[in-house]
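Under the heading glutathione binding site, TrEMBL lists LYS2, ARG39, PHE51, CYS64, ASP65. Residues annotated as domain 'Glutaredoxin' in TrEMBL: 8-60. What TrEMBL lists as [2Fe-2S] cluster binding site is CYS10.
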Amino acid sequence: MKGTRDFPMCGFSNTVVQILKNLNVPFEDVNILENEMLRQGLKEYSNWPTFPQLYIDGEFFGGCDITLEAFQSGELQEVVERAICS
């Protein structure tokens with residue numbers, strides 16, 4: 001993400017942080033603004049050009065729009081619960 005969970009540096013990162021906090025699930029944040037090589041590497045790894053990027057159980061889930069849509073539909077809660085139980 002851009003920034004940290006305590007200080008998101010863009011609205012999209014803030015949205016994902018608020019969703020994860022709302023779900024009350026543990027999560028880690030990585031500030032990609034601190035490391036340009038990491039930023040570019042993650043874009044290539046995920047084949048996704050923007051941040052934040054949400055990974056669940058080590059797998060790329062999506063960016064802000066996908067995460068928000070999945071949260072609103074209830075899909076994100078199901079995916080997170082499966083990951084926690086595995």
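Just so you know, glycine gets a Cβ as well, placed from its N, Cα and C.
Feature map: annotations from TrEMBL on the structure.
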residue: LYS2; record: glutathione binding site; Cβ within 10 Å: 18
residue: CYS10; record: [2Fe-2S] cluster binding site; Cβ within 10 Å: 15
residue: ARG39; record: glutathione binding site; Cβ within 10 Å: 15
residue: PHE51; record: glutathione binding site; Cβ within 10 Å: 24
residue: CYS64; record: glutathione binding site; Cβ within 10 Å: 21
residue: ASP65; record: glutathione binding site; Cβ within 10 Å: 11
**OP:** Please tell me which one of the binding-site residues listed here (LYS2, PHE51, CYS64, ASP65) sits closest to CYS10 ([2Fe-2S] cluster binding site), measuring Cα to Cα?
**Re:** LYS2
Subject >> Residues in the domain 'Glutaredoxin' (8-60) grouped by DSSP into helix, strand and remaining coil >> reply: 27 helix, 6 strand, 20 coil
